[in-house]
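Participant: Please read through the structure below; I'll follow up with questions.
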Amino acid sequence: MLPCTGRIEEAIILQAFEGGADGVMVVGCLEGDCHYLSGNIRARARVQRVSDILESIGIGGDRVRMYNLSAGEGAKFAAYANEFSEHIDQLGPSIINQVRNTKAEQVTA
Amino acid sequence: MNLDPQTTSIKTPLPVGAVLVVGGGISGMQSALDLANSGFKVYMVEKSPAIGGKMAQLDKTFPTNDCSMCIVSPKLVEVGRHKNIELFTHSELTGLTGEQGNFSATIRSHARFVDIAKCTGCGLCEYTCPVTYRSEFPQQTDDDGKKKYPKSKDKRLITVKELPNPSSLAAWTFSVNQEKCGKCGLCSKACLQNAIIWEKGNTANVDSAKCTGCGACFTACPDKFNAVEISNAPELEKSLGAAIVTRSQELRKAFAKNQPEHCIRCGLCAMMCKEAMGINALKLHEQGIEAGVDICQMCGSCISVCPVDYLAMEKLTNRTAQPLLDEFNERLNRRKPVNIHYPQAVPRVPTIDPDSCVQLNTGNCGICSSICGVGAINYRDEINEQTVEIGSVIYSPGFEVSDPKLRAEFGYGIYQNVVTSIEFERLLSASGPTSGTVTRPGDGSHPKKIAWIQCVGSRDHSCNREYCSSVCCMYATKEAYIAREHDKSIEPTIFYIDMRSFGKNFDEYIERAKENKVRYVRAMVSRLYEDPQTGNLELRYTDETGKRLTEEFDMVVLSVGIQVHESSKQLADLLGIAVDKYGFAVTDTFSPLAASRPGIYVSGAFNGPKDIPETVSEASGAAQVASAAIASARGSRITREQLPTERELQPDEELRIGVFICHCGTNIASVVNVPEVMEYARTLPGVVYVDKPLYTCSQDSQEQMRTIIEENNLNRIVVSACSPTTHEPLFMSTIRAAGLNKYYFDMANIRDQCSWVHPLEPDKATEKAKRLTRMAVANASQTEPLQEMEFPVDTRLLIIGGGVAGMNAALSAANQGCSVFLVEKEATLGGNLNTLRQTTDHRNIQEYLNTLITKVRQDERIKVYTSSMVVEHSGFVGAFQTEIITPTGAQRTLKHGAIILATGGMENRPSLFSLGESKQVVTQAEFERMMADEPEKFSLTRHIVMIQCVGSRDKEQQDYCSRVCCNQAVKNSLSFKKLRPEGRVDILYRDMRTYGLGELSYRKSRELGVNFIRYEPEKNMPILSSTEGGLQVLVNDPSIRSDVFLNPDLLVLSTGIKPRDTDELSSMLRCTRNRHGFFIEAHAKLRPVDLPSEGLFMAGTAHGPKNIPETISQAQAAVSRALTILSRDKLTLSAVVSKVDPKNCAVCLTCVRACPYGVPVINAEHSAEINPALCHGCGICVAECPAKTISLGRYNDKNMFAKIRSERPEPQAVEEDIA
C-alpha cells in the first residue's frame, strides 16, 4: 500500500521482477479522480516506461499493467486481478524465474 | 418548551463543563466522542453490561454492506479508552435535579460481581462455569443453619445398553486420612471396584491397584469426617470444582475423536453435584448413574462436565428445565450465568447474573472466583449509587424491536421457523450463534426459500403502531442480499406495502438486490400456517391483481419495527421531558434535538425511527446543542492525556519486533491457520515476540499489547489483522502509549485482502497471510521514528451557503464562541426556504426564516457576505485561506480553521406533464405558496390531482428519490382539505414514502378522503391531455383494475430536489460528488457530515435531499464536528510528509514542476524546500526527484525495497502484484 500510485517509481517495479514476480499490477484511482490530482497520470507514464524496459530486455512489456479503479469497485478489482493473473499464467514464468528454476533444478540434481 | 437552544443559552454564572449521555449505542457514543473531543467531560450511562447498542448486534449495514461490528468496534474502543469519557455500564440514571447548566444526576450501578478495574476480560470464568440452566435453588440448610443435603424420594437409574467401563485416564489419586476416618465404612459400600480395604471398627484404606479414580468413596465419606483426600489433581489448589472442570476438559480432548457410547465412570458428575453444588443427587451405580430426580436443582453442571455426553436434562429430572439464553444473540443460543456481553464488548468484563448463579443463591460452587487469576470476582458486590455534576443531558436510549406476537397470525413463538429480523441478523453474523450459517431454528437445516414480511409492528393501527419504522425496507433488503451472499441457493422474497428506500443511494441498493435475485412482492400477507411435518410455512396473500395466493417457504422473517422501550418512557417521565403516545420525544420542528425540558437533548431512534447515519448525525447535533449551552465551561472538567516520554532508540539497538496475528473472531481464523502463521512469524528476522489475540483491537488486547511491548522491550510492532484504514490509528496510539514512536509499526491486512477473499482456499490463504506478514515485518525493520508537527488552529469557521443549513450552522458556531464567515451566492439569505411556506407540521416557515435572518444579521460574531462567491482556496485543516469575490468585485481573503459546505438544493423543474406550459400545472412548492399567499383563489377549486416522482426516480431525469416529496404532497393535500373540506384530491404515487412519523399524516389524509392511486412508470404511467373542459389525466387504478379519467382544476407535480451547481466549488475544495451532484461523505454510515478531506464538513441538501428538521440537526452536527478541530489550541498534522535533504539537491526544479499542489519552493540556501504543513504526502516528488534526495516518512525506497526483497525468489513461486 502506498499513499498514491504517484509514489511508485520505475525501480520499485523492476525490483519486483528481480525479486521473482512474474507480473506486476499497479492499481490507482480513476483517471481524473486522483486523490492527489495527478499522481495516477504520472504513474501511468512510469508504468509505460517500465513496460518499454521490460520489452527491450526480453522479459516482456506486457508483464506490467496499470489499472484504474475507485475504492467502491471491489468486484471490478477482483475481476481485474483474476484477468491479470490468468494473463500471467498464460505467459508463464518470467525469464528471470525460468533461469532461476533451471539453476535450482541443477542444484538439486 | 425550549424552542431554540441558540437563544436560550442561559446566563448561569458557572455552568458545569460536563455532559451526561444516557445510552451507549451508536448515538450516545458519537455524542460522547464529539463532546469529549471538544473539551467537555462526559459521563455515559448504559443499562446493559457493555456499550455498543443495537449496532453491535447487526451483521452488515445498508447500503454499503459494511460489516457493522468492524466499523463500530473502533468507536467502542475509542469511547472505552477516552480520558474524558467515564463509563457507567450495567447502570441506570435514577434521578436528575437542578437546571440547565447545573444538573445533578444520580446513577445507580447494578452489582456486576466482577471488578471492572481488575478484570482482564480473559473469559476464563465464563469458560469454566459449569452452569447452563436456570437452577431451582433448594434450601440447603436446616433450621439451625447447618448444611444438609436434600433427600431424594424418587430415584432413577440412568443407563444405556453398554455398561460403564471405567477409565483411569488422567485419574486423581484417592487416599484415606487415617486420623480423620470415622470407620463408618460408607466409602467401602460406595466403591464399585472393591478398591477400599475396610473392616468394621477399623479405618479404611484405598487399594491403589484397583482404584480407577471415580471418587465414589470421596462423595460417600460423610462431611463430618471428610477423610477421603485427593492428590495428583491439577487445579485442585484452586478448588475442587476447578479440578473437576480441568479433568473433564482433559478427558474430552482424549475422547474427541472416538467418543464412547458408555459411561466412563470418571465420577465427575457426582462429585460436581455434591461437592460443588451441594446437592448430592447423583450416585455411581453398577449399571450407570443413579439420579435423584426430585432433588436435582437442574443447574446442568453434571451435563457440562460429563466428557462423553452421557447425561441429559430429561434423564435427570421430570421437571422442565430452562436453558439460560443469550440476550445479545437474541436468545438463539445458550449462555452461562457469568458471561461477557459479546466478544468485542467494551468494557470486556463479564457480569454474573444473580438470578442463575449458584454461588450467589446457595453459597456453593464458587468455581469462577477460584479460577480467576486476578481476583476480579466479588460475590459481595452491591448496588452502588453515585452523583455526578453536569451541565447538560443527552438522552439517547435507543429502541427495542416491536413484539412480533402482536401479530398473532404470523405464529411467532409457536412456529419455530418464524424468526424476527434481529434474530436473522444474528444468524447472519459470523460471531452469531450459528457462526454465520443461515439455518432454521426448528431443525438446523439450511432454508432455501425465505420470506420477509414487512411492517410487522409498523404502520399498523391494530397494534397501536401507526408510524413507519423507516429502516425495515432497507434492512430486509440487506438481509435478503447478504443471505444470498452466504448461500447462493437461497431464494429470498420480500412482501411489502410500499418500498421505502428514501435515503441516499438506497434505490440503487434495491436495484442491486433485484439483480441479485431478491424477489419483491407487493402484498400484505394475511396469515401463515405451519406444516407440522416439515416445519415449512404456507403464506397466504392477495397479489396486486387481486388474486388470492398461497406459497410455501422454508423460513419466514418478520421485519419487526422500532419502538421505544417501556423503561425509556419511564425514564423520560422521570427526566420530565415530553413524549408522544408512542414514547418518542416531542421536539420542535425548528429545534429538533432539544427536549421539552431545558438542558436536555435527544437523539437517535428515541427521537423518531431512523437509520444509523441519521442517528450519528443527530448525535453530533445533540452534542453541539448540549455544549452550546455550557460553552463557557469548555475545558474546565477535562483531563489532558499524559503520554509517557518517547523512548529514543539507540543507533545500535538490536531489532526486537513483536508480531500480533489477529483471529478477528472467526473472520480470519476460520480461513487462515492463525497458529501456523504465528509460528512462521517467529522465524522471521528480528522477531522476538509473537501473539495471536482473538480480537487484537479489543480493549483488553490493546492493554495487553501495551504491557507486552514494555515487558519484552519491543521496538517494532507488526499487526497482521484487518484494514489499516480503520485500525491503524488505534494500534499506533497504543504503541505510543507504550512509549514507542508510533511509526515503528506496520500492518498486514490478512482479513479484507486475504481471508475474506479466499474463503475456499484455506491453505493458500494461510500461505498468503504468511507472505503479507513477512512483508510487514521486513518493512517494520526499516521504519524510522517520525514526529508529528503541531500548528496553532484558527478558530474561525467558513460556511458556504446561507440557507437554513448555513444559517443554523452559523448561529450554532457563534454560540460556541467561534467567529463565522457566512458566504452566500445570492443577494438574500434563506436559500430554498424562501420558496416554502409551511413545515410538515404546518408551522409558518417565513416567520421562522425572518427570525433566523435577523439573528444571523445581529450576531456580531457572524460576518455575512451575500452576492459573494468563493474563487480560490488554499491551506490545510486548522489554517485554511479562502478568497471570495464580493459584489463590489473586490477580492477578500478569509482565514479560517474549518469549512462547512451548505450549498443546498433547489426545486427540480423538468419539462414533463406540461409544466411551464399550462397555468393549471404547478409544482408542489408553487401549490404551497398559492395556498398560503392567495387562499381565496381556491374558493372554487373542486379537484386537485398530484403526481409523485415527476422527474425523480427516473433514469432519464433524476435517478434518485428526493425523499421529501411524499410528505410534502400529504402536507399540501391536508392544507387543501382545510381550505376546501369538500374538495377532492387524488395523489398518483409509486411508493408512498412517508417514513417515520410522517406516516401519521399520510393516514390522516386517507381518513380525510384523499384518494391514492398507485402507478408504475412501465405499467400504468398517468397520461395528461388537454380537453375543452381543461386538463384530463388518464390512469389505470390497480385497486379497482380499471382506467379512470380525472379532470382536475389543478395538476400538482412533485418534481423533487436537485443540488445546486457546485462544479467549480467541488474542484476547488477537492470534494468529490456522486453522480447526482451531492457531496460524498467520508463514510456513509459513521461520518455522514464529514467530507473526506480533513477540516471540511457539510450540512443540508448539499449532502442529499432532506426536510427542514433533518437539515437543522445536520447543521448542528456539522458544527459539532467542526468544533472537534476549532476548540483546540493546536492541531497535529501528519508526520508522513516529503522532506528534502539539501545536501544532494541539484535545484533542478523537478519537484517544483511535479507537485500537484505547488508546494516545493527554492529557498535562500539554494535548495528545494517543502512546507510540511502544506504537503499532502502523495509522494510524487519522491518518485520524480532525479537526485533521490526527497524522502516520505514511512514510504521511502528502503521500505518498499525491504518489502519486495522479503518476497525471496523461491523455486516454482509464481507471484504478482505488489501495489
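Including glycine, each Cβ sits where the backbone N, Cα and C put it.
From TrEMBL, here are the annotated features:
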DOMAIN    B:110-139  domain '4Fe-4S ferredoxin-type'
DOMAIN    B:172-201  domain '4Fe-4S ferredoxin-type'
DOMAIN    B:202-233  domain '4Fe-4S ferredoxin-type'
DOMAIN    B:253-282  domain '4Fe-4S ferredoxin-type'
DOMAIN    B:287-316  domain '4Fe-4S ferredoxin-type'
DOMAIN    B:348-382  domain '4Fe-4S ferredoxin-type'
DOMAIN    B:1136-1165  domain '4Fe-4S ferredoxin-type'
DOMAIN    B:1166-1195  domain '4Fe-4S ferredoxin-type'
Participant: For the domain '4Fe-4S ferredoxin-type' (B:253-282), give me same-chain residues lying six or more residues beyond its boundaries with a C-beta closer than 8 angstroms to one of its C-beta atoms, as numbers and ranges.
Facilitator: 130, 138, 140, 147, 149-150, 152, 160-167, 169-171, 192, 212-216, 218-219, 239-241, 244, 247, 288-293, 295-297, 299, 301-303, 305-311, 316, 358, 362, 364-365, 367
Participant: Can you name the far-off residues of the same chain, 6+ from the ends of the domain '4Fe-4S ferredoxin-type' (B:202-233), with a Cβ under 8 Å from a Cβ of it?
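Facilitator: Distal contacts: 147, 166-168, 171-178, 180-196, 240, 243, 246-247, 265-268, 270-271, 274-275, 280, 283-284.
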Participant: Six or more residues out from either end of the domain '4Fe-4S ferredoxin-type' (B:287-316), which same-chain residues have a Cβ under 8 Å from its Cβ atoms?
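Facilitator: Here the qualifying positions are 130-138, 150-160, 163-164, 244-245, 248-249, 251-252, 254-255, 259-260, 262-264, 266, 268-270, 272-273, 276-277, 279-281, 322-323, 358, 365.
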Participant: On average, what pLDDT score does this prediction assign to the domain '4Fe-4S ferredoxin-type' (B:348-382)?
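Facilitator: Taking every residue of the domain '4Fe-4S ferredoxin-type' (B:348-382) together, the mean pLDDT is 93.
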Participant: If we call contact 3 or more Cβ pairs under 8 Å (sequence gap 6 or more), are the domain '4Fe-4S ferredoxin-type' (B:110-139) and the domain '4Fe-4S ferredoxin-type' (B:348-382) touching?
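Facilitator: Result for the domain '4Fe-4S ferredoxin-type' (B:110-139) with the domain '4Fe-4S ferredoxin-type' (B:348-382) is yes.
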Participant: Summarise the domain '4Fe-4S ferredoxin-type' (B:202-233) as counts of helix, strand and coil residues per DSSP.
Facilitator: 5 helix, 6 strand, 21 coil
Participant: Per DSSP, how many helix, strand and coil residues does the domain '4Fe-4S ferredoxin-type' (B:253-282) have?
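Facilitator: So the domain '4Fe-4S ferredoxin-type' (B:253-282) is made up of 11 helix, 1 strand, 18 coil.
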Participant: Could you give me the DSSP helix, strand and coil counts for the domain '4Fe-4S ferredoxin-type' (B:287-316)?
Facilitator: 9 helix, 5 strand, 16 coil
